[in-house]
Every structure is written in C-alpha cells, then in structure tokens.
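**Student:** Relevant sequence annotations retrieved from TrEMBL are reproduced here:
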| type | residues | note |
| --- | --- | --- |
| BINDING | B:C640, B:C646, B:C680, B:C684 | [4Fe-4S] cluster binding site |
| BINDING | B:C684 | siroheme binding site |
| DOMAIN | B:5-280 | domain 'FAD/NAD(P)-binding' |
| DOMAIN | B:317-383 | domain 'NADH-rubredoxin oxidoreductase C-terminal' |
| DOMAIN | B:420-468 | domain 'BFD-like [2Fe-2S]-binding' |
| DOMAIN | B:483-532 | domain 'BFD-like [2Fe-2S]-binding' |
| DOMAIN | B:558-622 | domain 'Nitrite/Sulfite reductase ferredoxin-like' |
| DOMAIN | B:631-771 | domain 'Nitrite/sulphite reductase 4Fe-4S' |
Amino acid sequence: MNVQAKTWVSIGPLTEIPRQGARCVKNGDMSIAVFRTSQDQVFALEDKCPHKNGPLSQGIVHDGCVTCPLHNWVISLETGAAQGADVGQTATFEIKIKDGIVLLAL
Amino acid sequence: MSKKHLVIVGNGMAPGRMLEHLFEVTDAYDVTIFNAEPRVNYDRIMLSPVLSGEKTYADIIIHGEGWYEEHGITLHQGEKITEIHRNERKVLSEAGREVAYDKLVIATGSNPFIIPLPGHDLPGVLAYRDLDDTGAMIDASDKGGRAVVIGGGLLGLEAAAGLKQRGMEVTVIHLMPTLMERQLDTAAGYLLQRELEGRGIEVLCEANTKQILGKDRVEGVELADGRVIDASLVVMAVGIRPNVQLAQEAGLEINRGIVTDATMKTSDPNIYSVGECVEVGGLVYGLVAPLYRMAKVAADHLAGASEMAFAHAETPTKLKVTGCDLYSVGDFAEGDGREDIVLRDAMRGTYKRVILKDNKIIGAVLYGDVADGGWYNELLKSGEDISEMRETLIFGQAYQGGAGADPLAAVANLADDAEICGCNGITKGTIMAAIQAKGLTTLADVRAHTKASASCGTCTGLVENVMALTLGDAFQLPASEGMCPCTPHSHGHVRRLIKAKGLKSIPAVMQALEWTTPEGCAKCRPALNYYLVADWPGVYVDDQQSRFINERVHANIQKDGTYSVVPRMFGGITTPDELRAIADVADKYEIPTVKVTGGQRIDLLGVKKEDLIPVWADLNAAGMISGAAYAKGLRTVKTCVGSDWCRFGTQDSTGLGIKLEHYLWGAWTPAKLKLAVSGCPRNCAESTCKDIGIVCVDSGYEVLYGGAAGLHIQGTTKLGTVPSEEDVIEVVGALTQYYRETGFYLERIYKWADRLGYDHIREVILDDLDQRKAYNARFAYAQSFAQVDPWAEFVSGKDAHEFNPINIRKLEAAE
C-alpha cells in the first residue's frame, strides 16, 4: 500500500477570497471550494453538494454553513455534513492561514 | 556567596511585573535594566486616558525612581542594547557599555507596524505606541484640524476617541467591513460604528489607503478609490510586530516572535524572554493579562526549580473609550456543532451573543450591556455544563434563580404599570386585565382589543410572554409567522419597519428588529437585500454576498454547474449583426446549446464560468447587454408585430414593447417580472397570462396584470384602459413601483395583488392621478441608479474574483 504524506500548498492571499464567499482551487479534475466567513475563518470542501453535485462555492455563506445554489441543501463548512433532515457528506480538506496566505493540505 | 547577575533588556510592564514576583521570593540577583525609552516603567494600557486628558503621565507610572533604588536595581535609561555575546554571556550597549550576565531576560516588546505607503515618513505621521507618540498627538491636537486614524482596531479607535475628545475632527479608515473584526462580530461592530459616528467620528470601512499626501508635512490622505481626506495628523494603528531584532542577531530561535518553551526560556538556557516579543505555544500576545502570566512564570523559574508553566487562556477584550461598553472573549467564529444564543434589545441598543459547543460556553460578545461579561468568562474558563440554565443564560447571572429558573421571570417581575408596547403606551396591567375581562386567547385578539404590538410589532414577544403568564397552560405560543427562523417578524413587518426606522443596512435591520442569529440565513439575507435596494435607491450598497449566485454573476446556473447567457433583445427585435455576433460567440466558446426562449430571445446554454466574461465582452462589443434572465427583476417584454406588419394590428405594439423594456430594464422587483404587448385582442403576444400585459385596441391600450402561467395558471385582471403610449408607460411604472415597495420577496405580482386587493390597487395606481405620478416618479428615480449593465461592469474588471479559480494545480501524471 502506498501512504501519501499530505503537503501544504499555498493557494493565494486570504484577501483574494470575498468575505462570506468562496473561491475555487482546481486540483487536476477536482474543484475544491475555499470559503471565507465573515470572521475570516477559512474552510475547504470539495466543490460538490452530496445531493446532486451542485457547486457549493456558489452558495450563500451564513453562520458556519453554505446553502447549495441548486436545491438549498445546507452544508456545514467544518464537517461537510448536510444539516437538518438531509443526509450526505462532502469531502473536507485541512486548511490554514500563515502570514495572510491560505494553505491547503492536499 | 556573591549574587548572580540578572540583566534585563527592556523596561516595560512585563519585566516590571516579573521583578515584583522575583523580589517576593528571592534576593539572589543583582539586577541591571537597559531601557531604550528614557523613562521608568509606566502603564501603557493607560495611554488612552492620557491622550483623552482623563489622566496624566504621573498617574500612570508603575515603578517610580524610588522603587529601583529600593531594590538596588541599576537602570540605564535611554540606552539601547546593540549586541548579545552569548558565548561570553555579555551584552553591549550603544553607549559602549559591556555588562556580563548569569541570566538574561529579553523584553524588547513590539514595534508598531507602519505601512510603507508613499508619504509614511512625513512629519505628522505617527504610530500610537508609547508616551512620545501620545505627547506628539496631544501637541498636534492643540493646533486643531482633522486627524486621520488608519486602522479600526482597539488602539486605533482609542486614539480616535481621544483625539476627538481633544477637539479634533477625526476620520477612521479601516480596511475591513466592520470595526475591530478580530474581537467583535459583525453585529457588535456595527453598533460600535454607530456609537462612534454618534460622537462625530467619521468611520470609513472597506477603505484602502493609497498614499499620504503632503510636501513638508502631512496634508491629507488619498484612498484607493480616489477620495482625498484633508488631515493635519495621521495616526497609523494597524498592528504591532514583535521586536525580535536583537534576539535574532544573537542567533536565538525566532518565528513570529522569540520562541520560548512554557517556562519562558528561549533556545539558550541562560536567556528568558517575556512580553509582546515572545512566541509561546505558537502564539504571540498583545493584551496585558497573558503578559503578566508570562512574568510570573519567568520569575518563578529564575528563582529556582519550578513546575510552573505558561498556558494559553482566553483573554477578554474591552475598549477603553468612556461610554462604549463592549466585551468579547473566546471563540466567536462560526463552526460545526456550535450554537448561538443571541439577545438583541433595539430600544437599549444592546447586543449579547453567547457561543456554545457541547453545552459549554466557548465565547461571548457583548455590546451595550457588559455586566455579565465576567460571569460568562468564568463559565468559559471552568468549562461548566450550562444545559441546566440554557433557557435563561443569555439574560445573565441575575436570572439564574437556582434549579428550574423560569424563562418568564423577567416579565413576571415587571410591575403592572411597566410599559410593554411603546408605540401605543400599553402597560402590562392593561394587557392582563383585558385578557381576563374579555377572555382573550390569541395574539390577534390581544392586538385587536388593546392595540398592544399592533403598530411596529417589536414587542410581540413580550406580549406573548404576558399572555403566557396570564393564561398559564391555556396559552400556546403560536407557530412563528416569521420570514425565516432567524426572526419572528413577518415580511410585512420587516418592510414597514425598514422604512419607519430608517434602517439602511442588513446589520441595522438585524439589530433593530432583534434578529436571533448573528448573520441571518439564505432565506432572510436575499430578502433584506432586496428590501433595502428597493427602499433606499442610491443610498444602499447592494450586498453581493446576500444574493443568490444567479444574481451575483448575472447568469443562470445549470444543473452541471455551467451557466446560461441570455442577451437582452428589446421587445424581441434583433438584427442580422446581433445574430452574427451570437453565432460567433457560440462557435468561439464551443457553447453546446443555442435555444430560442419563450420570452423571444436567444439562450446560450452550457457556458463555463471562466468563459462568462469573454462571452459578455464579445456580446457587449456587438451592442448587447444582459437580458437579466436570472433576476428577481424585469425579464422580458414580449411583443407581436402589431400595426407595422399585421393586417389586424391596431397600434404599434412592437414599438411600445421596446419603449417599455427600455424604461424598465435593470429594475429589481420582489420576484421575476415578465411583460407582453399584443397589437390587438387576438393577443398573439400572450399578454393575458403575463405579470403585466398590454392589449392594444382601437381606442387605446388595455393595461392588464396579475397573470400566471407556471405551476399556477391564472388569467390577468384589467387595471384599466388608457389613451396613449405615454399613459401606458406611466401606469406600468407606477404599478411596478407599488409592487416593488409593498411586495414580499419572491411574491409574484398575482399573489401580491390577491393580498392587497385588485380594487385597492386600481384606486391607487389608475384612479388617483397624483399617486400614480408619485409612484412613477419614484420608479424613474430608482431606475437612474439601477440601469447599469452588469456585464459591462464585470468586463471592465469588477468582482473579477467571482469568475476565476484562485489557484490551478496541474497534477503530474502518476506513474
């Protein structure tokens, strides 16, 4: 078996992401949505709603969650889990900020 | 045995406190202090009261000359250490003095961060760090004029308030959208801004300083957006940097600060460090409480073998501006499994928010009423399970009456003559008497009989509590009719209150109407954004993050995440040139589907997000603008060919449709708005199932509205017949504006008309000529701000972040 160490990848300055908004990172074929909350926390989720693969990066960000633009599922930014009665989970990625630069663990 | 020699570099509050602890437990050391500042140890936290004139330097001295003598300390004031020779255990001062040490403590503190803007070195540009800065600010304020403070954090705001108190005009420039964003959430930041503005301090948020202007000294500040603010004084308070230079040159381990272990020892076992220059446990500190804890730990270890270790603890933040009461502690950012309890009191202007996780307090933000800050901090530190007092937690310690505290206690404790409904002056006693005398059981009954909560409605919750108290179990709280779970207020209430209270921002609405969540949800935010756009044209700045994606990027998201693009074709008329441009775009960007829409235009489906801007640029170049096919706003005006071509046509329906679309495009409405103009009653443009439809007849124009042809099918109702095209345009403008001002978000015009009544609408819009003209005038005014092509704005570079990935990683092919 092949164990791959995670690497921290610099994706750009925090200020490039709008507050209560998101930007995408293209990682090969996968798109990863990087969210910034009104309190400047950052979270990274695969840009795919567990419901019908809606681009979560395009949703409205509120109180630690994002509402999917396609069918209004509410997804937790921290765990990727669907909230309320909906069931499903989106992959999450570790992320941190160092000196104003956002680093993503891939 | 001779004493060991302790040398300290720096004479601030942390080493001062460290020495106090040290002298309590041992006299093993001879102490020498080098201080770059020519002063004894004073309380830097109290610089703000010195600036505002509430205290003097003498008031804030911690250790006078006598203290140093008493403890036999050698103090070299105004003498900087330039080198540390670790091998020889010696320090060298700039005056050439060489002193040997057994133990060395580095307490060089921090330096203010000066943004290297053009002009930052002009006379009149100051940091706010020590007594010299404070003195310079006081001198400058004596000359009057305007001070610009760059930085809306703790220090910047204290400087601003102090300078204002000294009689200067003050402008605060802050890069972020809300003040003190690291210590306060958006809601509390808004209240703070309002308070400061009430004192005459101008606050500019999201303002980026481009340069400081002036020839021989500072004359003003220029912002990135071109605004120029005259200034005779500029204070930079944008943050501090640990002062690590000396330690770095000595080869100690440095990261953001001087790295120490939990005993405050640096990478050299004979050198300790305390204060703002230290990085311990990966964190650097700027508030005094943790610095004093460092001092205690370092003293203990200098005194001998010790178990004491520095541990991180949340430190509450307070602002030292008289009359601005705010308190924040812990973690108040968002996260999973966290719950907020929010209490807003619009009358008193207070905001309280407690953040819970696993039934424990992890943070609190208080504004206006900070009495319980210490109590919340105690609960946070102790990690106590608060589930027992959850219901009453937010009211504070006074309401914790032992087991099973009653959430109605606050209301029960009110006297009978306490006013519940401020609008109508209704007391608790009056409501209780009416409930008992008349056997009232519902809120509607109470409103009808007492008028309590019948006006603005902010007291509805209180009235319900009085009802619950009076009726006991017989009263069941009604299911919320609120616009979303964030508020008990209905759309109607919210709309009325926005106007009545002059609320002009989303945080203002949330505070005044006592929202129960910190920043709303995906239901209420778009609604509030629309109401504010509609009610305050030219004043309110559209909040893009409160719009759904389609309206944010001005295109329609499709199920696979691509977008569709629809250029506007006024009245459904196009030209060969436009068609060629559309065909070229479809070829160039490999757009898979080109479809003719029901609204008489062309839809390009399957456009990749990163292609949107070039597609729009090409369409713009051919003279086309956004068709707003995504908008809760004007969509299309469909027409038939009318008297130009049709043998039955009675009027120029195409021409009128084009005029209407030119008048209406760009307007935001509660829900989408589709029009049609038919040239005769045969109705080829299907006017009779549109939101607003016009049917041309020989004698003039029938104006119809309230049709629906979606999930629900309904024919239009006639508003009336008018004689001329000008009348049609005026009536349609007035009708649209009345709908814009009174409609609920996502309420189509037929539902709105059902709610208001068709007769009533006709009386206002058709029969009453004055009102018709007034509504139409307001519409025209709003349009003067709304008719901006969003595509052109994006093409010229606005919000470029919306359209491109922040980062693209090409994966190497795996072997």
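The backbone N, Cα and C atoms fix where each Cβ goes, glycine too.
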**Student:** Would the domain 'FAD/NAD(P)-binding' (B:5-280) and the domain 'Nitrite/Sulfite reductase ferredoxin-like' (B:558-622) count as touching if the test is at least 3 Cβ pairs under 8 Å, pairs 6 or more apart?
**Tutor:** no
**Student:** What does the DSSP secondary structure composition of the domain 'Nitrite/Sulfite reductase ferredoxin-like' (B:558-622) look like, as residue counts for helix, strand and coil?
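**Tutor:** DSSP classes over the domain 'Nitrite/Sulfite reductase ferredoxin-like' (B:558-622) add up to 29 helix, 14 strand, 22 coil.
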**Student:** Do you know the DSSP helix, strand and coil residue counts for the domain 'BFD-like [2Fe-2S]-binding' (B:483-532)?
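**Tutor:** Within the domain 'BFD-like [2Fe-2S]-binding' (B:483-532) the tally stands at 26 helix, 2 strand, 22 coil.
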**Student:** Helix, strand, coil residue numbers for the domain 'Nitrite/sulphite reductase 4Fe-4S' (B:631-771) per DSSP?
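**Tutor:** Grouping H, G, I as helix and E, B as strand yields 58 helix, 36 strand, 47 coil.
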**Student:** Counting only pairs at least 6 apart in sequence, do the domain 'BFD-like [2Fe-2S]-binding' (B:483-532) and the domain 'BFD-like [2Fe-2S]-binding' (B:420-468) share 3+ Cβ pairs under 8 Å?
**Tutor:** yes
**Student:** Looking at the domain 'Nitrite/Sulfite reductase ferredoxin-like' (B:558-622) and the domain 'Nitrite/sulphite reductase 4Fe-4S' (B:631-771), are there 3+ C-beta pairs under 8 A, with each pair at least 6 apart in sequence?
**Tutor:** yes
**Student:** Go through B:C640, B:C646, B:C680, B:C684, our binding-site residues, and report the one whose Cβ sees the most other Cβ atoms within 10 Å.
**Tutor:** B:C640
**Student:** Enumerate the residues of the same chain, B:C640, B:C646, B:C680, B:C684 excluded, that satisfy the criterion Cβ within 8 A of the mean position of the Cβ atoms of the recorded [4Fe-4S] cluster site; list them in sequence order.
**Tutor:** B:V641, B:G642, B:F648, B:G649, B:S653, B:S678, B:G679, B:R682, B:N683, B:A685
**Student:** By DSSP, how many residues in the domain 'BFD-like [2Fe-2S]-binding' (B:420-468) are helix, how many strand, and how many coil?
**Tutor:** 28 helix, 4 strand, 17 coil
